[in-house]
Amino acid sequence: MSSRAGIAEGYEQIEVDVVAVWKEGYVYENRGSTSVEQKIKITKGMRNLNSETKTLTASHSIGSTISTGDLFEIATVDVSYSYSHEESQVSMTETEVYESKEIEHTITIPPTSKFTRWQLNADVGGADIEYMYLIDEVTPIGGTLSIPQVIKSRAKILVGREIYLGETEIRIKHADRKEYMTVVSRKSWPAATLGHSKLYKFVLYEDMYGFRIKTLNTMYSGYEYAYSSDQGGIYFDQGSDNPKQRWAINKSLPLRHGDVVTFMNKYFTRSGLCYYDGPATDVYCLDKREDKWILEVVKP
């Protein structure tokens, strides 16, 4: 996911409301009769960034669009504000957000004066962006401050495209092995196994009993829904009466491109979709196994 190189397949750019506040970043009262110099060091941008890919994990929701745990990347942050009866706007680019730039400079505070540095901070899904902008104000000690006020704050973020149940075509990728679920013929049934081809597509459905995984690449007409056999192998069945077709996904809706999930069978309740080196195929549903799978939206 990278906004610098254009929007990658499976992702989209959306605009969301975010929280921005003005804070007193630095305050100094010079009660002497001569000017005082002070060195100030600030960090502009995101602090404590640990992601080399710039992909962040939301620690709290962003409106109704992003839920806790969702992955996203910040493209821009824009804040409009008022100060001293004037309205202004400040923008921070992707580079400025992620570079976490340290700035040090010296200020001079006149005698019997108070220096206040206002800093504009923004919170985007738990990512704390400091010193988007700053305003320096010098007033007499005890004088009235002109406190800046945020009018509107929004961010453009990159997120995985939403997976619409019953509609969006996806690939299902094993998170550790980096191979895709494919469909082969075994015992005159379509069966799931891992492979490197990206041509195999699936659609997720949900009803009151759980999720179903439908293949769009069956070689036996009508045999489309993944279920666990009693021995654990994954085959594709017809109709909707088989309770072994139902799965639980460990993530709340909406699902998005790039989500990492597990599939637990609703019939064999302690068994999960996993890799197993079987005699002919290697996608199984086994007891106490909860392998992780990556959902990838297929480009329309």
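Going from the start of the chain as shown, residues are counted 1 onward.
Cβ coordinates come from backbone N, Cα and C, glycine included.
Worth saying up front: this structure is predicted, and the values here are computed from it rather than measured.
DSSP gives Ser229 (N-(acyl)-sphingosylphosphocholine binding site) a coil state; it is part of no helix or strand. Annotation for Ser229 (N-(acyl)-sphingosylphosphocholine binding site): same-chain Cβ neighbours under 8 Å, separated by at least 6 residues, are Tyr235, Lys244. Positions annotated as N-(acyl)-sphingosylphosphocholine binding site by Swiss-Prot, on the basis of similarity to another entry: Lys187, Ser229, Tyr235, Tyr284.
Through the fold, the region 'N-terminal cap domain' (12-35) approaches residues 3, 42, 62-63, 65-66, 75, 77, 79, 81, 108-125, 131-132, 134, 141, 147-150, 153-161 of its own chain, all at least 6 residues removed from its boundaries and within a Cβ separation under 8 Å. If you look up Swiss-Prot, you'll see 12-35 (among others) marked as region 'N-terminal cap domain'.
Summarising the annotation, Swiss-Prot assigns region 'Beta-hairpin domain' to 36-109 and lists similarity to another entry as the type of evidence. Per DSSP, the region 'Beta-hairpin domain' (36-109) is made up of 6 helix, 45 strand, 23 coil.
Annotation source Swiss-Prot lists region 'N-terminal cap domain' at 110-158 (among others). Under DSSP, residues within the region 'N-terminal cap domain' (110-158) fall into helix, strand and coil as 0 helix, 36 strand, 13 coil.
What Swiss-Prot records for 159-299 is region 'C-terminal receptor-binding domain', and it gives similarity to another entry as the kind of evidence.
Here Swiss-Prot flags Trp22 (among others) as site 'Crucial for binding sphingomyelin and inducing hemolysis', drawing on similarity to another entry. Cβ-based neighbour count (10 Å, all protein chains) for Trp22 (site 'Crucial for binding sphingomyelin and inducing hemolysis') stands at 20.
According to Swiss-Prot, the site 'Important for activity' annotation covers Phe211, on the basis of similarity to another entry. Spatially close to Phe211 (site 'Important for activity') yet at least six residues away along the chain are Leu204, Tyr205, Arg246, Trp247, Ala248, Ile249, Phe263, judged by Cβ distances under 8 angstroms.
Every protein chain considered, the tally of other Cβ atoms within 10 Å of the Cβ of Trp247 (site 'Crucial for binding sphingomyelin and inducing hemolysis') stands at 25. The site 'Crucial for binding sphingomyelin and inducing hemolysis' annotation in Swiss-Prot covers Trp247 (among others) and rests on similarity to another entry.
In sequence order, Ile172, Lys173, His174, Ala175, Met181, Val260, Val261, Thr262, Phe263, Leu273 constitute the residues six or more apart from Trp293 (site 'Crucial for binding sphingomyelin and inducing hemolysis') in its chain with CB-CB distances below 8 Å. Secondary structure at Trp293 (site 'Crucial for binding sphingomyelin and inducing hemolysis'), as computed by DSSP, is strand. Positions annotated as site 'Crucial for binding sphingomyelin and inducing hemolysis' by Swiss-Prot: Trp293 (among others).
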Other residues with Cβ within 8 Å of the Cβ centroid of Lys187, Ser229, Tyr235, Tyr284 at the N-(acyl)-sphingosylphosphocholine site?
Arg186, Trp189, Ala191, Ser228, Gln231, Gly232, Gly233, Ile234, Thr281
PLDDT averaged over the residues of the region 'N-terminal cap domain' (12-35):
93
Looking only at C-alpha atoms, tell me how far Trp22 (site 'Crucial for binding sphingomyelin and inducing hemolysis') is from Tyr284 (N-(acyl)-sphingosylphosphocholine binding site), rounded to the nearest Å.
54
Is Tyr235 (N-(acyl)-sphingosylphosphocholine binding site) helix, strand or coil when read with DSSP?
strand
Within the region 'N-terminal cap domain' (12-35), residues counted as helix, strand or coil by DSSP:
0 helix, 18 strand, 6 coil
Other Cβ atoms within 10 Å is the metric here; tell me which of the binding-site residues Tyr235, Tyr284 scores highest.
Tyr284
